[in-house]
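Per TrEMBL, the features are as follows:
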- 90-272: domain 'Mucolipin extracytosolic' (DOMAIN)
- 286-313: transmembrane segment (TRANSMEM)
- 343-360: transmembrane segment (TRANSMEM)
- 372-394: transmembrane segment (TRANSMEM)
- 375-510: domain 'Polycystin cation channel PKD1/PKD2' (DOMAIN)
- 414-436: transmembrane segment (TRANSMEM)
- 482-503: transmembrane segment (TRANSMEM)
Amino acid sequence: MAQQSYRFPGAGKPETGSGVFRLTIRNAMAHLDSEVKEECLREDLKFYFMNPCEKYRARHQIPWKLGLQILKIVMVTTQLVRFGLSNQMVVAFKEENTVAFKHLFLKGYSGTDEDDYSCSVYTQEDVYESIFFVLSQYRQLKNISLGTLGYGENEDNRIGLKVCKQHYKKGTMFPSNETLNIDSDIEKDCVHLDLSKSPQDWKNSSFFRLEFYRLLQVEISFHLKGIDLQTIHSRELPDCYVFQNTITLDNKAHSGKIKIYFDSEAKIEECKDLNISGSIQKNTQYVLVFDAFVIVICLASLILCTRSIVLALRLRKRFLDFFLEKYKRRVCDADQWEFINGWYILVIISDLMTVIGSILKMEIKAKNLTNYDLCSILLGTSTLFVWVGVIRYLGYFQAYNVLILTMQASLPKVLRFCACAGMIYLGYTFCGWIVLGPYHDKFEDLNTVAECLFSLVNGDDMFATFAQIQQKSILVWLFSRLYLYSFISLFIYMILSLFIALITDSYDTIKKYQQNGFPETDLQEFLKECSSKEKYQKESSAFLSCVCCLRRKGSEDHLIPVT
């Protein structure tokens, strides 16, 4: 019998029902995975923008950076105070020695300087007496000085005084006949005077026969060494100083008045042989250990803040990619800058300056370096940044956040306004310098003019500025009145008022925003969607949390800044 075959209905056709089901499941899983990613991103963003207290309540994470910053404030401030007291002794020692040198080497010094020069002479005899007075005082310095001073070697490695005179090359002058014949080339002659010669030998030298109608200036330079013993009372190692002193008799004006300038430049050098008994060495070691601990604290702060910035940039990239994928558009610049925490950058700069300054301080304490100025700038600026950074934590409270928000809102407007006002200010500066400079002490150079005008803007020395103008020229006197009245009226009544109005306007705007709410950006709207999905989160919170945790273990989603 032939076998009969039977075909069931639908045999040989694709099973379309199961394929549709698998596609539906795949789409559902993809949709669920997308929502999981979105919720995980939103959760990470919310956690990133929390303050340390909120982060601790949310995940019980200890705010290490906050505690470290508080500790750093105490350590850095203590370090600065100790270094400031030490630096204060250095400055006082230099200034007191400069005053002592003026009384020792300047004949007839009254104790007060006339502008930028110390004293002046008006006769030839006074000039010679002033020069030989310096030479005599230098020779008997150890017998008359109250300080711990000794003779130092100059640039030529010689002990003694170096006297140089500058004069025109040659010439004749007869003022009565209004006749002048002079070679404007300048010659410079120098002589070295050591201690082996007597003052009488110096006076008989032909070098000191001055022709005053050709003489431009006489310069006397010598080096002295000293030791600052007052640091021993503060349990610190003493410093050794080299004072490079220069006395200049200036006759360039040939006006019958020779101004005498005294300049003393102090350099700290390493003492070659220090043998001090007592507890000073032990105290120095304690200070060095303290400075090393400050460096460790700042390095830890630097690492944590750098890590937070790196993780914030990764979180920013996740948000930008998600926003572009879901909404097909870029995030605005304001939202992108929200991820760049300027306070962390300020802390990093402060930490770097503190580390470098502390290393310099340790070298200075060990007497290997003497650069007090650079160390002071680094430690002072870093401490300034540290205390300014405290405002960040006050900003977490709405009552204290007004200052930060007002500064942020008004800064762009203020900078643009200052750029325009600066053009007017420069115009008045140049005008006052060229017109009033010959008739007023406060307008002699550009720097002094700028300082004088800034003082006038703040209402300082107004009457003195008006009163000191010389009335030798009626035209200039009238111009000075017009100049000063217009500047004061323009800057105090208009420009300064507008400047204050800009800040006040920003402050009023911030106050309204605090009462009625700030304008929402894309980032804030994205985070706000959390509240609208609370019902969904309650239904699937366990599942989403589990999936989020699994995703974080296998991806970079765990890279969230921790405060």
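Any Cβ shown, glycine's included, is placed from N, Cα and C.
TrEMBL entries are annotated by machine, without manual review.
Summarising model confidence by region, the domain 'Mucolipin extracytosolic' (90-272) averages a pLDDT of 82. For the transmembrane segment (286-313), same-chain residues at least 6 beyond its ends with a Cβ under 8 Å from one of its own Cβ atoms are 48, 64-65, 68-69, 71-72, 75-76, 78-79, 82, 339-341, 344-345, 347-348, 351-352, 354-355, 358-359, 361-362, 365-366, 559-563.
Broken down with DSSP, the domain 'Polycystin cation channel PKD1/PKD2' (375-510) shows 119 helix, 0 strand, 17 coil.
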